[in-house]
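Participant: Submitted below is the structure of interest, expressed as structure tokens.
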Amino acid sequence: MQLSFVVFKTMKKFCVEKTLKTSVGSTRLGHLELPLFTKAEEGNDGSSNGRSKIDYATPMYFLHTQTGSIPHITAEVLKLIYPTASDTSGQIPPVQISLDATAKFIEPLSKFENGVGKFVGLSEHPIFLTIHDPLYLLRSGHNDKFGIALWSRHGRRPLSPKQFHEAVTAFKPSISQILSDYDVNPEISGMKRLKKSLERAEEYTSYVIKQEETTEREKKKNTGFFITIEASWFLMDEGLATKAVLRLLESQHQIEGVVLAGLSDRFVKKKQEDEVKKDSNGKGSGDSERMDICETLDIELLDKMLQNLPANLPKYVPGPFKLPEMMDLVARGVDLFDSSLASRMADYAEALLLDSVEAILPSISTTMVAMPSSLSEGLAERADKAERQEPPSNSEEGEGAVISLKDKKYFDDFGPLSRFCTCYTCRKHTRSYIHHLYATDELLGPVLIQIHNLSTLDRFFSIMRALVKENDSPESLLEKSALMRNLLKARILIKIEKEDKVAVPSV
Ligand SMILES: [Zn+2]
């Protein structure tokens, strides 16, 4: 019988490479080193073979998954988006897998021994084990002293701290978010409930850390832990919340990062359920438990949450925030995100566009690949105009950072989704074809949009990193960020002329 043992090469490391203090916060660039789980055969001394750790430049995003798969696309299709690690876009993202839909894997995975990455066919990506799917709403009233409730389309499932630790041991992720009693809602919870939630956060965290210390003595350390900080704690009582966070951080030598949870409103509400049922566009219809794209971000609340956190810990904010909101988060020192925005937009037939930014990329970044000037000149002029003007409402020619391919106006639009994007979808297919796919409910529609959206999100993060890297004064960083943010937020006046279009209908 061949013996095998589990090896994690090193602990994860986060280092801040550059910090720029501006009037809004500390914006930073960093590196997060994530180990890939490998199961070494007998005789392997566990030395690094060059593939066991991946170094990621931050700010960055994790690929959002549901039940261990990236919505709409397979691992094979994923290779069309991230062909090689040395691709100009930079890096093949690590993957976020949430326990709510995968807790049922705990038992088979403890027998499988090769970790969740291999189990779901994503073994080339480091795994971040989180608790909740950022696109799934939570229900109130089911957390108790034994643990918390996980929610998925299969219903509710309890999770105790012990089960959580068993999951970590079986899944073998690179990092894990420690569970937290999320069920505090300022509208209905009293102070007693808040105190209970804070106590449980400490109990859960110390239980998990203690278990891990015991495990560590037997085996090599296998995961890095992120503590969870709930936004609702700060909404209810900033003083109590701050004290609790400081206590959670006392075991800092074991903590490798922070999850800032609940910045999106994540509870199922009666009113919302009714609205969703009435929706005749099919947008989210019949699926009242799915999270919508987050339109707003409570900056004041975010600042309170960030206040006492040490600079050397990476911070992750889960959820489908729009690009301008992600920029606000980056500006305040948030390092880690997920691609749930891309997934949700693909569900809605919405394509993410950076055209307004990419048209004037040279004036934002000196190192990013600039578009051919023939393409960008006229666009830059219009984008500049748009920046100074109030965005027109429902402008006929306006195209902001999002277009909906369900819109009938794309019926005979033979251009690509974005003329600045070189993704598979934009190279091979037209807006007209994708509109047709959605109109006839073909599964290929969301596949093509997801390919494009992930490629676009990837470029967005590359641009964000370039922005921080190239600007050494807070003023220039703020000025360029404001320009980019306005372009993404406004309904930009970019009219794509008929003759500019690539007239290659693919049907
Ligand atoms: Zn594209």
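Quick reminder: no glycine exception, Cβ is built from N, Cα and C everywhere.
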Participant: According to TrEMBL, which stretch among 203-224, 379-400 corresponds to the feature region 'Disordered'?
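Facilitator: Going through 203-224, 379-400 one by one, TrEMBL gives region 'Disordered' for 379-400.
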Participant: List every residue in the same chain as His452 (Zn(2+) binding site), at least 6 positions away in sequence, whose Cβ is under 8 Å from its Cβ.
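Facilitator: In sequence order, Ala351, Leu352, Leu417, Ser418, Cys421, Cys423, Thr425, Cys426 meet the Cβ cut-off.
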Participant: List the residues in the vicinity of the Zn(2+) site, defined as same-chain residues other than Cys421, Cys423, Cys426, His452 with C-beta within 8 angstroms of the site's C-beta centre.
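Facilitator: Sorted by sequence, the hits are Pro416, Leu417, Ser418, Thr422, Tyr424, Thr425, Arg427, Ile451, Ser455, Thr456.
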